[in-house]
């Protein structure tokens, strides 16, 4: 048809076909102006749907701010808790590190709760539990009461963190899912930065009051979550599972381009819900397959669970939680100067997670992991050197040089973490497992990561007293070196591959030969006027 040649370039093939067919399914002859009007209306509806989905995802991601704020604020508040409540070093480690383990319990119980009462009300329940925990910590007269509040806050954070990711994936249009599902990670880093800023802002108050205000401010994001529950809709997938089809259709109409797409998505959700019911009866077989794996599943477990493990045992939580301790060991004396230095750490972490979001689908997973793990290794080693020189090379260099080198190394470490292994860990753990193993395989990796995080956080001060803070970062540097080898040997490049192609890579074992990506691919990250020469 001659008219097809003159259709606007803004419409897709599917849209053209929808425009061509009238109410009775027969083709209509439309002039160029009519085509332009319909294409423009389609684009406006798409943009409106994307904005609506973005707002829903952003509100749901506020749970990430709760987690990040708690991590950031505790690093500074613990200084004044120690002085006010006279807590011991061991109590300090337990107080800081227990959040990872307790939030894991909240995440595991959050799945069943969200199936029972819905996604958004589970987020609300998590916010209420967190508010209760934060309030108890704010007014705690002793370590015991502080721990009760900390445990409740951890459960609330775990509830929200688990369910918000599920909600965002279920509310997002397919074309925007990658960007929207990255919002919680951005919010976590933004929350860490807010925690550091809060520490610095209130550090000048009385030691009996300042840490209480620092913790109390953390209630504010959960209040916003409460308001958001009256704005955002329920997940259409959950509504379909509950046979509330009309409500699910109303939600999908807000985020879809047309009624035809709504009906298509409703059919897909109904089919997936039926598949999930059949899969529940096979859950025992899935765990049996994971615990007694075939060679292919074993390789998947090495990649998916190994990346979660290395994300934590390279010491990122120790760096974030105990950054004031690190800077104090580097020579900074004033509490306010210590907390000001942590603000720089939080700012760096937030900026580079944004960089990673833009690069992850353009550059690929494996090049970013190489840059991340190698950069972390160097920065962790530099930090160990800086702290050692401050202790054992007094007079050979200016104390200011050692302090600046320590700050540079800590900021470099969190930057390299945020640009690679931090966000990519979650992407890979959801990609490497096939559909039948994805939920349980990812959960297994998350358990390992959270437990590792808790162990590192709860042992850092004791180990540092035994081998020094510098010694701890030499250990982390050695572990980070092993992580580079792990990435080369065990992690395939998954960029641009379907989930079925990824599964076939593990079945054939090709990814163990490192065929998908070589180290020279990292040259895409470095501007150069010269032609790249392949390595090896």
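Each residue, glycine too, has its Cβ placed from N, Cα and C.
As annotated in TrEMBL, transmembrane segment covers the listed stretch 147-168 rather than the other ranges in 147-168, 235-256. With a threshold of 8 Å between CB atoms, the same-chain residues lying at least 6 positions outside the transmembrane segment (338-361) that come near it are 72, 75-76, 79, 178-179, 182, 185-186, 189-190, 192-197, 199-200, 203, 319-320, 323-324, 327-328, 332, 368, 407, 410-411, 414-420, 422-424, 427, 495, 525.
Counting Cβ pairs under 8 Å to the transmembrane segment (52-82), the stretch among 147-168, 209-232, 367-389, 466-491 with the most such contacts is 209-232. A contact between the transmembrane segment (466-491) and the transmembrane segment (367-389) is present, since 3 or more of their C-beta pairs, 6 or more residues apart, lie under 8 Å. Tertiary proximity for the transmembrane segment (147-168) is limited to same-chain residues at least six positions away from its ends with a CB under 8 Å from its CB atoms, namely 56-57, 60-64, 66-67, 70, 94-95, 98-99, 101-111, 113-114, 119-120, 122-123, 125-138, 140, 180-181, 183-184, 222, 225, 235.
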